[in-house]
């Protein structure tokens, strides 16, 4: 069943907000959903163990029964780059290990499964590996979340170039307006639409409450071909 790897042009540009919106749109259409965020840092201690807000947001939009540990198998407390957090904790952070964990979620064969990365495309894992190596092992088409602000065109085009250069398909992109005061906003969006070699799945404005339902109202799943 359709599955996609969700990446972004940078950290803190709304990958999870958009991923949760995509999952909500699928659920609203009567489709089953599942998700994974295989590694997360900045997690909070709870009685059940470390929990990450982004992973919990994705879990909340999964229609299939999933344990938190299936969605987020590697959770670290320090709010630092995952490879640094893993090194401090003495934990293996290899693409192969993350691949095995994600395969468990993919095996559920939901109508839509999203695997969300951390940060951007070249976030380091251990050794010389990056999260992009996980995407390559999974061989999933990619959805790129573009945080629309100053510099986003360069970030988006470089990200798309890297994705395609790694042999993966760019299935679509979403314009997430993180800075509504961006100069020449409409011209920037037009340039992105012209230059990015994939369909735009939606333009999400800066929302007062960016709930999955509110975000989903600005998204279109049809270009992903998931049978809506």
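Even glycines carry a Cβ here, placed using N, Cα and C.
Summarising the annotation, Swiss-Prot assigns active site to 37. A 10 Å cutoff on Cβ-Cβ distances gives residue 37 (active site) a total of 27 other Cβ atoms nearby, all chains included.
Taken from Swiss-Prot, the feature ATP binding site applies to 12, 13, 14, 15, 16, 17, 54, 116, 117, 118, 119, 205, 206, 207, supported by sequence analysis. If you take the C-beta of residue 14 (ATP binding site) and look for same-chain residues 6 or more apart in sequence within under 8 angstroms, you find 8, 145, 147, 176, 178, 204, 210.
Taken from Swiss-Prot, the feature Mg(2+) binding site applies to 16, 54, 116, supported by sequence analysis. Under the three-state DSSP scheme, residue 116 (Mg(2+) binding site) falls in the strand class.
Residue 41 (substrate binding site) falls within neither a helix nor a strand when secondary structure is assigned with DSSP, and so counts as coil. What Swiss-Prot lists as substrate binding site is 41, and the listing cites sequence analysis.
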So among the binding-site residues 54, 116, who's got the most Cβ atoms within 10 Å? 116
Select one residue from 117, 119: among these binding-site residues, choose the one with the most other Cβ atoms within 10 Å of its Cβ. 117
Reduced DSSP assignment, residue 54 (ATP binding site): helix
